[in-house]
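Record features (TrEMBL):
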BINDING   G87, W88, T89, G90, T91, G92, K93, S94  ATP binding site
DOMAIN    258-311  domain 'Torsin-1A C-terminal'
Amino acid sequence: ALDPLSTSFFMGGAAAVWQLLFPGSWLRCSLLECCSMRDTLNISVLKMHLEQKVFGQHLAGQIVLRALSANVHSHRPRKPLVMSFHGWTGTGKSFVSSIIAENLYQPDAPRRMFVHHFSTVLHFPHASHVHLYKEQLQNWIRGNVSACPRSLFIFSEMDQMPHGLIDSIMPFLGYRKEINGVYYGKAIFLFLNNAGGDKITEVALDYWRRQKRREEIPLKELQSLMSEEIFNNKNSGFFHSQLIQKNLIDYFIPFLPLEYRHVKECVRRELRLGGHLEDEDLMTEIASAMTDYPSEERLYSSKGCKTVASRV
């Protein structure tokens, strides 16, 4: 029999071991990098950040808020949330994904454990190695969702991804309770793609030429054009993809081309971030120089706000 002192040590040690092994325990979270099982996303704060920091993307902001709100408020979502961002470079696709990541987890959480960013150019550079990439990608997703159900996966430069690679994650995106004991319903997948940007710009330009506001562009019209364009575009990363065929992408989100007024707001924000005065002449000069498409009207910035920081 154990004496009372030994019993206390034994029970205390067992409790400590349990605290370290249990995924949501306070001790594990204080000593190790762990995933908070509580959904900490504040939709009101996210809405404020999108409105204050992202310019000219009312459609994208509305869809992102609606999609995330439905997902995080569901106790056990039936499938992972999958969103595909489309538009010209510099329109805010990467910026919005970073805002989502910042708001999805507690400020003091080690986000590198929960946010996984795949750059096609960096992580999947050789089309000849696609079979190896498929295996690595599946293992990476399986391992990280096992450790943290509320994992965020961001795939950038989708237009340069080797054909067929993204279909390797199809089993994780469907309506399944579990796969080999792992539940994927709380995971979030974001795909960032320049493909479809020209179509989106064509629609926006047509509305402008007909003297209609960009806010009047119907979302359904853009989404229908995007899904068809992306599926048949060899440079989209989703060329003849089963993710589209099987309707596993929940939202195709258009990012509209940025006008002079939007670029000017980007310049204004960059000046504020740098602690500079809001020089109207400087803001006008930079925004005017960056508004270059089409060559006749010079209505949109072909680079969006991509080079604003360096110009400032």
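Cβ coordinates are placed from backbone N, Cα and C, and glycine is handled just like the others.
Note that the coordinates shown come from a computational prediction; the quantities given were computed from them, not determined experimentally.
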- Across the domain 'Torsin-1A C-terminal' (258-311), average pLDDT on the 0 to 100 scale: 95
- Task: Tell me the Cβ contacts of G87 (ATP binding site) under 8 Å, same chain only and six or more apart in sequence, or just say none.
- Result: K93, N194, G196, G197, I200, P254, F255, L256, P257
- Message: Let me check the 10 A CB neighbour count of K93 (ATP binding site). How many other CB atoms are there?
- Response: 28
- Excluding G87, W88, T89, G90, T91, G92, K93, S94 themselves, which residues in that chain have a Cβ inside 8 Å of the centre of the Cβ atoms defining the ATP site? F85, F95, N194, G197, F255, G304, K306
- Could you work out which of the binding-site residues (G90, G92) has its C-beta surrounded by the smallest number of other C-beta atoms within 10 A? G90
- Query: Relative to the Cβ of T89 (ATP binding site), which residues of the same chain, six or more apart in sequence, are found under 8 Å away?
  - Reply: N194, G197, K303, G304, K306
- Between the binding-site residues T91, S94, whose Cβ has more other Cβ atoms within 10 Å than any of the rest? T91
- DSSP residue counts for the domain 'Torsin-1A C-terminal' (258-311), split into helix, strand and coil: 29 helix, 5 strand, 20 coil
